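*Asks:* For reference, the structure I am asking about is given below.
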Amino acid sequence: MYALMLLVGTIVACLMLSPGIQAKMAKADWFCNQLNVNCSKATGFQAVYRLCAAMATFFTIMMVFMLGVNSSNDIRSKIQNGFWFFKYAALTGLVYGFFQIQGGVIEDPLMWIGMIGGFLFILIQLILIIDFAHSLAEAWVDKMEESDSRWCQAGMLMFTFGGFAVAIGAAVLMYIYYTTGGPCYLPKFIISINIILCIIISIMSIHPKVQEYFPHSGLLQAAFISVYLMFLTWSALMNNPDKACNPSLIDIANFTSINKAVEDARDNYSHPFALHSIITLIIYFCSLLCAAFRASSNKSFDKLTGGSSASVGASSGDDDTRVYDDESDGVTYSYSFFHFIFALASLYMMMTLTSWYNPDNDLKNLNSNMASVWVKIVSSWCAVGIYAWTLLAPCLFPDRDFFG
C-alpha cells in the first residue's frame, strides 16, 4: 500500500507536468478560488514540488513515529500495517497544506532539500549495489572452494568474461551511435573516462597488495561494476539534450513504421510527442520501487549501519508443522528505515521529474536535460570511488576488520 502511494504520486506528478493539465489547473475555479491556491505559482514543476514534498513529509513523520518498533507487540506496528484510510487521508491533508503555501516561498528550499535527499538515495543504492557485487563474488568463491566443482568454476569464468564482454560491447555501441552525429565532445569524454575507470578498477581488483588484504577481491566484482558503470554512462547519454549526439532507440533500431507514427504524432499535437519520456518514466518507476524495497530490508539496513538484526524463525522443528511469522519476536524489516527510504524516494522522484537543479515544467524534458546527465555521470564516478575504497581500505588500515 505504501508502494501504491508512491505509484499514485508519480502518476499525478506526471499529469501535473502535462501542458494541458497545467492550463486547466491555472483556469479551474475549484483549484484557484475554492482552494485559495495561487495558480500562477502552483502549477508545473511547483505543483510537483508540493505533491512530492507532502509525500516526503508523510514518510518522514512515519519514520519518526516508528522509531524503536521491534515487534508486533508494539501498538505502533498495527498502524504500520493498517489504518490505511486514515493514512491516505493524512497524506491528502498534507498535499492540501503544501498547496496553501504561497508561491515563491518554498521552491528554493524544496529544491535544495530534494537535491540532498535525491543524492542520498542514489548514494545508498550505490553502496548496496557494490556490496551485492562483493557478496556475490564471495559466495561464488566459497561454494567453488567447498565443492571443487568445475561447473562452478566455468560459471564464474563465464560470468566474469561475459560481464567484460558486455561492458566492451556497450562502450563500442555508445561510440558508434552517440558520438558520430556531430562533434559530440561531451559524450566522447564521458565514455572515454569511464572506460579508463573500468580498466583501473579491474587492475586494482587483482593487484597483489589488494589480494593480500582482501583475498576475495577479483575480476568478478570488477566485471559487475564495469557493466553497471556502462549502464550509467548509457543512461546519461540518453539524457543528452543535444539530439545530434542522442539518437532515439527507435532511430537506432530503424523501425520505419514506428518512426512514421512518431512524426505523425508530432504533426497532430501542439506539444512534442512524449513517447520516450513515458518509456523512461515506466523504467524509472520500476527501478525506483525495487531500489526502495531492497534498501529498506533489514539485511540492507545492517549493511549500511554495521549492525545485525535478529533473525525471526519461520518454521518449527516439526517438519509437518509450519509456523507463520507474526513478528512477535522481531520485525522482519526496520519500519523506520523503510519510511526513511520511501521519503528519499519521494525526493528523488521530485528531482528526476523536474530536471534537478534546473526545474522545468515540461515532461518531455524528463529524458533530455543536462542536469540529469551530470547527476548520472557523477553517480557513476561515485560508484567507482566507493568500489575503489572497498579495495584500498583493508590495505590502508590493516588493523581494522572490514569483513567481520
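Placement of Cβ uses the backbone N, Cα and C atoms for every residue, glycine included.
Any TrEMBL annotation is an automated prediction that lacks curation.
According to TrEMBL, the record shows the following:
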SIGNAL    1-23  signal peptide
TRANSMEM  47-69  transmembrane segment
TRANSMEM  81-99  transmembrane segment
TRANSMEM  111-133  transmembrane segment
TRANSMEM  154-177  transmembrane segment
TRANSMEM  189-206  transmembrane segment
TRANSMEM  218-237  transmembrane segment
TRANSMEM  273-293  transmembrane segment
REGION    301-321  region 'Disordered'
COMPBIAS  306-316  compositional bias 'Low complexity'
TRANSMEM  337-357  transmembrane segment
TRANSMEM  377-397  transmembrane segment
*Asks:* State the residues, same chain only, that lie 6 or more residues beyond the ends of the transmembrane segment (47-69) and have a CB under 8 A from a CB inside it; answer 'none' if no residue qualifies.
*Replies:* 2, 5-6, 9, 12-13, 16-17, 22, 25, 76-77, 79-80, 87, 90-91, 94-95, 97-99, 101, 106-107, 110-111, 113-114, 117, 331, 335-340, 342-344, 346-347, 349-350, 353-354, 359
*Asks:* Please give the sequence-distant neighbours of the transmembrane segment (377-397): residues at least 6 beyond its ends with Cβ less than 8 Å from one of its Cβ atoms.
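*Replies:* That would be 122-123, 126-127, 129-130, 133-134, 190, 194, 197, 200-201, 204-205, 209-210, 212-214, 217, 221, 225, 228-229, 232-233, 236, 403.
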*Asks:* Report, as numbers and ranges, every residue of the chain located at least six residues beyond the transmembrane segment (154-177) whose Cβ falls under 8 Å of a Cβ in that stretch; write 'none' if there are none.
*Replies:* 140-141, 144, 187-188, 191, 194-195, 198, 202, 218-220, 223-224, 226-227, 229-231, 233-234, 237, 247, 252
